[in-house]
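Worksheet: the structure to be examined is printed underneath.
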Ligand SMILES: C[C@](O)(CO)[C@H](O)COP(=O)(O)OP(=O)(O)OC[C@H]1O[C@@H](n2ccc(N)nc2=O)[C@H](O)[C@@H]1O
Ligand SMILES: Nc1ncnc2c1ncn2[C@@H]1O[C@H](COP(=O)(O)OP(=O)(O)OP(=O)(O)O)[C@@H](O)[C@H]1O
């Protein structure tokens with residue numbers, strides 16, 4: 001398992017290292033089966049926004065955890081509840097893995113800047129966990145090949161933290177399979193001007209999977225040939241998010257969000273993950289910004305984030 005690059009960030013200047021934890025977007029998500037343990041088998045085209053949460057890390061004498069950001073109030077962060085935070089779960093799991101091998105994992109101050117809405121289908125908690133793993137691997141100076149099994153054990157730790165954590169650890173456009181743990185880079189995948197819109201209704205992932213009735217949908221067909229950036233939108237439009245019907249049944253406003261995105265000029269609008277956030281892909285930045293202004297004026301209570309989706313390592317511009 002290889003991690004996306006670490007990045008220093010000027011807005012959290014007091015930390016030794018700042019890792020970005022970008023929003024994850026399921027551009028298409030097909031549910032094609034179910035395992036005996038109840039987990040669903042998925043095929044998903046996933047990309048990431050250039051915006052998200054941030055995790056600051058600094059070596060210190062005693063472990064600490066602090067939070068800030070617009071959505072800090074919505075996550076477990078204080079007292080015993082804090083141990084349920086995916087940042088601390090990630091730290092504890094990685095530390096246990098290193099200690100098993102006799103490697104040090106010294107105390108750390110971890111700070112989470114929570115900018116993404118919680119339980120919103122854009123993998124905020126998973127992104128935070130993946131960013132924590134990346135940052136700790138760097139600051140704990142874990143040698144790239146601890147032993148033969150380390151990479152497999154690290155992958156297992158990531159998956160145990162959440163089905164979305166392996167893809168967030170990868171951090172670049174990808175095709176995910178299995179329950180989300182098998183990732184394959186989409187190196188030529190384009191970047192798009194994008195809006196993320198959430199009606200501020202939290203949606204529980206387990207509830208959506210539980211209420212899903214159609215568990216054996218047609219497979220996702222990736223284009224065989226190299227697709228020009230602009231043609232990807234057409235290819236994606238022929239795909240689906242199979243979690244959208246159960247999510248809309250639970251939160252009908254998701255349909256309103258998707259429709260509003262289409263009506264304001266999105267070339268493709270769809271729900272991400274288990275909802276309720278919907279993404280809109282736009283032909284250019286101006287069209288995206290006009291749409292954002294209209295959506296904010298018509299729905300002042302919705303969360304609207306202007307961003308770009310990131311492209312693969314070898315992408316052309318859309
Ligand atoms: C909907 C997606 O976001 C798409 O990327 C993911 O499949 C969900 O990823 P996640 O939020 O990290 O999910 P987890 O925290 O691992 O799982 C929450 C619950 O969702 C259900 N779950 C999750 C993933 C999966 N492939 N099948 C499932 O049935 C299980 O009931 C599980 O207990
Ligand atoms: N750092 C964290 N950020 C967000 N949620 C967290 C965090 N730690 C624990 N949680 C808990 O995880 C649950 C899911 O939150 P999250 O925001 O990751 O959901 P999501 O965006 O729907 O994820 P996905 O797209 O992976 O299904 C919430 O109940 C929340 O309380």
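The backbone N, Cα and C atoms fix where each Cβ goes, glycine too.
Here is what TrEMBL records for this protein:
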ACT_SITE  24  active site
DOMAIN    86-172  domain 'GHMP kinase N-terminal'
BINDING   117, 118, 119, 120, 121, 122, 123, 124, 125, 126, 127  ATP binding site
ACT_SITE  164  active site
DOMAIN    231-298  domain 'GHMP kinase C-terminal'
Beyond the site residues 117, 118, 119, 120, 121, 122, 123, 124, 125, 126, 127: chain residues whose C-beta lies within 8 Å of the centroid, for ATP: 23, 24, 116, 273, 277
Listed in sequence order, residues with CB under 8 A of residue 164 (active site) and six or more positions away: 24, 123, 126, 127, 180, 273
Which same-chain residues, if any, lie at least 6 apart from residue 119 (ATP binding site) yet have Cβ under 8 Å of it: 202, 203, 204, 205
Three-state secondary structure, residue 24 (active site) (per DSSP): strand
Under 8 Å by Cβ from residue 121 (ATP binding site), counting only residues of that chain that are 6 or more apart: 26, 203, 205, 247, 271, 272, 273, 274, 275, 276, 277
Residue with minimal Cβ packing [other Cβ atoms within 10 Å] among the binding-site residues 117, 123, 125: 117
For residue 119 (ATP binding site): DSSP state (helix, strand, coil): coil
Recorded positions close to ligand 2 - of 119, 121, 123, 125, 127, 164, only those whose C-beta is under 6 Å away: 119, 121, 123, 125, 164
Listed binding-site residues with Cβ under 6 Å from ligand 1, out of 117, 119, 127: none
